[in-house]
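Notes follow once the structure below has been shown.
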Amino acid sequence: MTNPVNKRRSFLANGAAALIGAGLVSRAGAAGLPEAPLQSSASTAPPLMPPNGRPYNPVVTLNGWSLPWRMKDGVKEFHLVAEPVVREIAPGMYAKMWGYNGQSPGPTIEVVEGDRVRIFVTNKLPEHTSVHWHGQILPSGMDGVSGLSQPSIQPGKTFVYEFVARHAGTFMYHPHADEMVQMAMGMMGFWVTHPKDPRQHAVDRDFVFLLSSYDIEPGSMVPKVNTMTDFNIWTFNSRAFPGIDPLIVRQGDRVRIRAGNLTMTNHPLHIHGHKFEVTGTDGGWVPPTARWPEVTTDVAVGQMRAIEFIADNPGDWAFHCHKSHHTMNAMGHDVPNLIGVDHSGIAQKINKLVPGYMVMGDKGGSMAGMEMEIPENTLPMMTGTGPYGDLEMGGMFTVMKVRPEQKRGDYTDPGWYKAPKGTTAYEWTGELPPAVNAPNKPAPDGVKPVEVIRDKDGGHKHH
Ligand SMILES: [Cu+2]
């Protein structure tokens, strides 16, 4: 499949954002509207070093980018364009969504505490919209709730928002107009207000992403907008594993990961090999005396969380939502669970009647090794390959790669971790215990050791 992504003004493609900055944008000069940079790539852009204004330590947006601005009379001017986009959810799967400046989610907006910010929002959607600056303390009329604080932005129109970013912290933006539809279609973005003093809350790596979910029927490209709970694509920044880039970290770095949740359910984010503290919430920074160590933190709907830790443990470490259904892609629907049932030959026979029929394996659900035909533009349910085989993961999952030899500020993928000899789990090759209660062999009381559990329509429901 060729990449159908819009190539119009694709000068920010392939992570060149850092080289562009506000210099090129200001070409529009006094011509009125600031130029609206467009991103055609779903790869992670390098941090956007501020070309003007007060200094700050930029963030890295997973599979995303930060929006260049122009400085006009001391005001930072940004231009967001709400428009239909094509987002690569993972290699091999594209979705027709709505977003900003060529991507869903939209670009991350980075400003400094105390900055006066002017944001032009042009609506190229087929319906009205607005932008709400989630978490900002601002004048009521700039809050972006259509009907309440402003008239909605009609198709073809441009509105201007202007306010002072009063508090450093982690924020989001999203429509407050037909929002069930517009957020289900991918309209959202991240916002970081950096501290006035760049030494304050300084870290070596600062990653950001939004949690979002979509209901895209296998074989189709458009999210269903009425879905309330039954989503099948779980994403970090509208990317599903193995499409989510790894977090590349230098051993000893202080790492911050900021996440905002714009799905319909909560996500317990979990990291391996490290413990962290929640240092930031929706309301700002958590005082150091109020922090406690964790390895999992729940991010509820509408919340933002910043976690921090020292990456002192070299290796490849899973970082994922701990709801197991959220680390899977589509195709989980209506698959009967036949663990413990000998169905050898059955699928082949049913296949003659119902082409494409499949069941979970009788020794577990390992679909990674299962051969099945899936519709075009559909991700396998569990996928991704590591140095030791299938990862059997999808959805909200990625890997943090901690390396002692990684250079400061270098985000290039070092490849898989080469564990020192004697530090990897290995197969026991000595004497084996006698087999007991082998699968499908009745237990002493006559009850089979594993029972088949199905929901009422005979499928294993994947919510
Ligand atoms: Cu989750």
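Note that Cβ sites are derived from N, Cα and C of the backbone, with glycine treated the same way.
The annotation compositional bias 'Low complexity' is assigned in TrEMBL to 433-444.
Feature annotation from TrEMBL assigns compositional bias 'Basic and acidic residues' to 451-463.
Residues in the domain 'Plastocyanin-like' (91-196) partition by DSSP class (helix H, G, I; strand E, B; coil) as 9 helix, 48 strand, 49 coil. For 91-196 (among others), the entry in TrEMBL reads domain 'Plastocyanin-like'.
Marked as domain 'Plastocyanin-like' by TrEMBL: 222-335 (among others).
Marked as region 'Disordered' by TrEMBL: 430-463.
According to TrEMBL, the feature signal peptide maps to 1-30.
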**Request:** Please give the average pLDDT for the domain 'Plastocyanin-like' (222-335) in this predicted model.
**Result:** 92
**Message:** Treating G and I as helix alongside H, and B as strand alongside E, what does DSSP give for the domain 'Plastocyanin-like' (222-335) in helix, strand and coil?
**Reply:** 7 helix, 52 strand, 55 coil
